[in-house]
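Straight from TrEMBL, the features:
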type	residues	note
TRANSMEM	6-27	transmembrane segment
BINDING	D38	Mg(2+) binding site
TRANSMEM	39-57	transmembrane segment
TRANSMEM	63-81	transmembrane segment
TRANSMEM	117-136	transmembrane segment
TRANSMEM	142-160	transmembrane segment
Amino acid sequence: MSVIQHNFLTAVLFTALSGSILGFLRYNFNPASIFMGDGGSYFLGYIIAGLSITGAVKSQLGAALLIPLVALGVPIFDTLISPLRRFMLGQSLFKPDKGHIHHRLIAKGLSARRSVMIIYGISICLCLLSILLVNFRSEQAGLFLIILGSISIVFIRKIGYFDYFATDKLYGWFRDVTDEAGFTRDRRTFLALQLEITNARDLNTLWEKISNALDRLEFDMAQLHIHHTNEMQQAMETIHDDHPFNWIWMRSTFNDEADMSKASIFKIELPLLNDKYHSYGTLWLIKDLHRNSISHYTLRRVEHLRRSVIHALNKII
């Protein structure tokens with residue numbers, strides 16, 4: 001491109017750079033005897049960027065920026081997608097992994113040599129296409145980029161990158177983040193129930209608020225057992241009940257005698273331990289999965305419920 005624009009100094013510098021890279025690739029090809037480190041890759045990228053700007057025409061700034069991006073499409077894509085992939089998987093952004101393009105090609109059954117040759121071929125094609133961009137008008141360049149983008153999407157799908165960035169996974173991740181931050185309506189509604197549980201002043205009121213929360217979570221049955229202690233006796237002395245330390249809640253449509261033997265019964269036993277590992281008692285939860293399956297956030301809500309109950313018991317007892 002520099003030759004076309006009669007910028008021979010930039011062309012000579014690019015030629016010298018290409019010759020040195022070809023000499024390096026001779027010994028870097030599989031099986032490699034030398035490897036490029038961070039210093040070499042940073043220097044190489046800096047030189048390419050600098051020479052591209054030097055040889056650019058001021059009136060064609062958009063093309064000057066677009067052409068190197070297309071020519072270096074493979075390494076740029078790999079560099080951009082790697083931290084996103086690690087972020088989605090909960091890994092350190094700078095942790096080495098085996099999710100790069102050549103790793104994905106090898107995972108598809110290709111040999112290391114063939115994977116390298118495919119990457120070389122794609123890079124050469126992108127370089128040739130970037131040269132063609134010089135002679136394209138705006139409309140032609142736009143059409144060309146649309147075609148190139150479509151081909152890139154097909155290639156990305158083939159090597160399995162959509163496994164990380166599929167719509168359902170991105171939506172699930174976004175839903176988890178918004179729920180954890182308290183942005184969703186369901187989370188805010190349950191947070192209000194947690195506050196009611198925390199502010200309960202006696203055990204009967206506490207159980208009433210717990211029952212409301214369990215009904216919201218669509219459990220079918222629950223039982224709360226509080227250990228009999230002197231402090232508990234004082235807290236319960238105004239209550240006249242044959243079983244003052246046990247509370248049971250059951251959905252009207254649930255038959256404990258018939259339904260408890262079902263294979264679809266889901267049971268959770270929650271120990272009510274405070275920060276000092278003092279046990280107040282146990283909360284049992286029962287749900288018929290045949291009637292209604294567990295939602296995406298049920299277990300998280302249950303843990304929030306357990307902590308709220310313990311916080312309330314700390315104040316009551």
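Backbone N, Cα and C atoms are what each Cβ position is placed from, and that goes for glycine too.
Counting every protein chain shown, the number of other Cβ atoms lying within 10 Å of the Cβ of D38 (Mg(2+) binding site) is 7. Under DSSP, D38 (Mg(2+) binding site) is assigned to a helix (H, G or I) in the three-state scheme.
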